[in-house]
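According to TrEMBL, the domain 'Aminoacyl-transfer RNA synthetases class-II family profile' annotation covers 17-361. Annotation comment: TrEMBL describes Asp75, Leu76, Thr77, Arg102, Gln118, Asp122, Arg271, Tyr275, Tyr276 as L-histidine binding site.
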Amino acid sequence: LRPGQGTRDHPPAHVVLRDRLLAAAVACFKRHGAAAIDTPVMELRETLVGKYGEEAKLIYELQDQGGELLALRYDLTVPFARYLAMNKITAMKRYHVAKVYRRDNPATTRGRYREFYQCDFDIAGQFDPMIPDAECVKIVHEILSDLQLGDFLIKVNDRRILNGVFAVCGVPESKFISACSTVDKLEKMPWEEVRSEMVGEKGLSPEAADRIGEYVQLHGGLDLIEQLLQDPKLSQNKLAKEGLGDMKLLFEYLTLFGITGKVSFDLSLARGLDYYTGLILEAVLLQQENDHVEEPISVGSVAGGGRYDGLVGMFDPKGRKVPCVGVSIGIERIFSILEQRVKASGERIRTTETQVLVATPQKHLLAERLKLISELWDAGIKAEMLYKRDPKLLKQLQYCEDTGIPLAAIIGEQELMDGVVKLRDVTKREEV
């Protein structure tokens, strides 16, 4: 928890906000029929190493623990693949909300932490092309719409299309993955810097880099897919042709879902992780000009994912593959935006779900409060009382105002004689 926030009895506002975000995501996952699973925070080091490409340097490794080299989980995807292989599961739809750990440089204003929540949804199993993939894009659309974060864009691409682009531009296959991680920086860096990294650090020829530049700066929808299917070079590449065919199918399904207005086929999207084999997707929030925020907040991607058909096979002794596709919602990043908006608007976050405070106006009525609160709890009503024998009524009502409890159930000597309870609307100060 951040210091200096929250009261003795209730969590800080930011914890309440994050819980609301998680609840919205989980409600969406359940709506789509996913089961909840969990995996250990610690994995064998060998489980994680070699799955993340250049990002592997951010894995938290632990010292030798009695002969075992361990590491903290870097994401929820690799442990899920290990879980499927160990239990010989060939089909599953799951969600998982848990903390992951990355030895990164924190940037708390942009929602980057070393320990943070990931909120994942995955579909594992052999199904007809792009139907599960389309559902994953739909889920991202649903959650970002439900949270009312403003305008957003879901970028989609396919690793096979990217690899096809690299092949027709003259990049050796051994450099596909490193070229991919460089293209992934296009969102943060101008093309000139990306090009110089390709040539200077990754060893690509200037000609190859220029040819890649012609492709990776393209974005659009079905029209662009059709255009690339007619491209004389790209259409001759088997991988690219497969990827473009599936991308066309994806857009047909997304059209039926009615969400193509928020989806862009973007060839600059690469996602740096090694394990993606097909569809890749990333959602970004679009900063609105009329946002009443003093300093526009840039948090980068708020959701990402893709297809990883080879990962489960890495953990299976016989190499049996289970195709998988999934998405991860960036709860901490979305939370950074919401927190900034709440501060700017001056809105007060209610930090408790308590519906009613049981109060007494006179002394020696603790027994009556305990009897009444027990009745409310048994009826499923969220109720509280102050932990004092004889609290002052003003103090009890002030507690309601401070914490946002809307009602006070007041029971005094007169109420006991009349056999009633006085219910006070704390905000309106009306009693019945």
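Keep in mind that glycine also has a Cβ here, set from the backbone N, Cα and C atoms.
Note that the coordinates shown come from a computational prediction; the quantities given were computed from them, not determined experimentally.
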Among the binding-site residues Asp75, Thr77, Gln118, Arg271, point out the residue whose Cβ has the most other Cβ atoms within 10 Å, with all shown protein chains included in the count.
Thr77
PLDDT averaged over every residue in the domain 'Aminoacyl-transfer RNA synthetases class-II family profile' (17-361)
89
If you skip the near sequence neighbours and keep only those at least six away, which residues in the chain come within under 8 angstroms of Tyr276 (L-histidine binding site), Cβ to Cβ?
Arg159, Gly306, Arg307, Tyr308
